[in-house]
Every structure is written in C-alpha cells, then in structure tokens.
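According to TrEMBL, the protein has these features:
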- 61-173: domain 'DOMON' (DOMAIN)
- 180-283: domain 'Cytochrome b561' (DOMAIN)
- 1-24: signal peptide (SIGNAL)
- 137-157: transmembrane segment (TRANSMEM)
- 220-237: transmembrane segment (TRANSMEM)
- 257-282: transmembrane segment (TRANSMEM)
Amino acid sequence: MAFHTKMKLTYFCLLIFLILLCSSSILVTSLDSCASNLVQLQQPIPFDTKSLLCIPVWGDHNFILRYAKASSNIWSFIFSFPTNINAYGAIGFSKNGNMVGSTAIVGWMPSSGAGGMKMYSLDGKSTNEVILDKGELYIMNASSIAAAGTSLVYMIFQLKTTQPSTKLLFAIGPNGVFPNYPDYALSKHSGHISLVIDYSKGKIIKRNCNPKVPRRRHGILQSAGWTTLMILGSIIYRYFKQRDPAWFYLHASIQTIYFLAGIISLRLYVIELLVIVIDFFFF
C-alpha cells in the first residue's frame, strides 16, 4: 500500500514538473533578448541587420530596441515586444523628453493577426490632440511583422535623419484595446517610460520610469507565491496528510517555495525603488 502511495506521489510530482516545464517553454518563445539572434521573419528585412546595436529598453514588458546608422542620413530601427502584452507598443522621439510635442510610432498585433503600424503626432494629452499620420519623422520601409514560431512583434522602420533624437519614450496601451480602421484612434497608454540613450555606445544614460507601472516580475512572483502555490499546498495537506508522510514533506516543500517567491518579489521591488531613486538623484 505504501509502495502504491509513493508511486502516485511520484507521478503527481512528475505531472507538476511537466506543467511547469511546458509553461516555461511557452514563456521563452514570447521573449526576446539582446543575446538572441533575430528570428526568421515571414518577409525579408529591407536593411542589413548584422551591425545593429541592441538595448533592452523596458524589461517589465520585454521591449527591445535594435538600431544602426545605415548611412550619413539613414538610421535603421527594429523595435520588438511580445504579443502577450495584448496591447499596442509605442516608441516616441522627443525633443525635450516630454510626451507632448513628440512623434510616436505605434505597432500592434492582436491575436486575430490583423496588426498594424502607424505614426502619430502627440500635440496634447487628450485623444483628439493625438493626430494620425502626422509628425516630424521621415519614415521609410516601415512594417509590423509577427515572427513565425514565436509570440513576438517586430516593428521595422528607417528614419531619414542625420541624427535621431536621443530622448526616447516607450509606452504600452490599455489591455485589449487596439487602433482600428478607419480613424485608428489611439487610446491613452496604460504605462510609459522615458530614456536618454547614447547611440554610439548602445547604452541608456538616463531612465525615468512611470511609478504607476508595477514590476511585472514582482507581480508574477507575488501572485505565484501567495495564491497558486499556497492553494496547492493547502489542498495537499488537507486531503493527503493521513495517507503517507511523503505528502507532508511535499506540502512543506511547496509552502517553502511560495515563501521564498514572496521574499524574492519583495527584493525585486526594493531594487526597483533603489534604481528609481538613483536615477532621480544622480542622473
């Protein structure tokens, strides 16, 4: 009897492991990084990508910016983000670091696959002051492409300029709301950051985060630690505590995991606060 109980426990643990493994595999396919190569796209990129520099501009949402100076007055850009944000992603070029007065390039790719990419002039804060197909950017070879076999969107474009603005803005739209034909009205973003970058070195020299946007990793770890694993541990303890001591140890292990997840999430949150304070006082 004890042997069969241990076998059931082994199969149960194996099932949990496989579920976590599959979940992590799905997550990896939706992430991009500067350490990874550009995946094969459904159509060729209209410029050379070998010399592109790469900057992870917004880790919370896995926003990645790749760029290079193609000629004396042409700059190439590839801005990528995962489709699982279920919102539009935007990059803005600003003269003074402010959103008002900047020009934004916005891309989106709903689950239906009918994505798009548009330029907007941000003349004010209200919706009617965000003007479609207007701005101070001369955009060439623009396209928004979903990468095959992944959950990534690549916004590909070139700017005709001798020097693009070093003051960049990045924004994420409200969940499930996308610009639509015919007016492609742009809903107010749900979060944003502003950066000052050094194009020659491929580095961020100043970062201003939106304090209203929580750390996604912090939220994920906290949710996993204090809900999913806690419920699972309680179920195991309640229904299997009389069958075999091994169930007690499994319960204790799960309780320990969610406790550690909570500690890690708190540590990440404190680190983020320190980064914001350092950016504010020293840059």
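Cβ from N, Cα, C; glycine included.
Caution: TrEMBL annotation is automatic and unverified by curators.
Across the domain 'DOMON' (61-173), the DSSP tally of helix, strand and coil residues reads 7 helix, 63 strand, 43 coil.
Taken together, the residues of the domain 'DOMON' (61-173) have an average pLDDT of 92.
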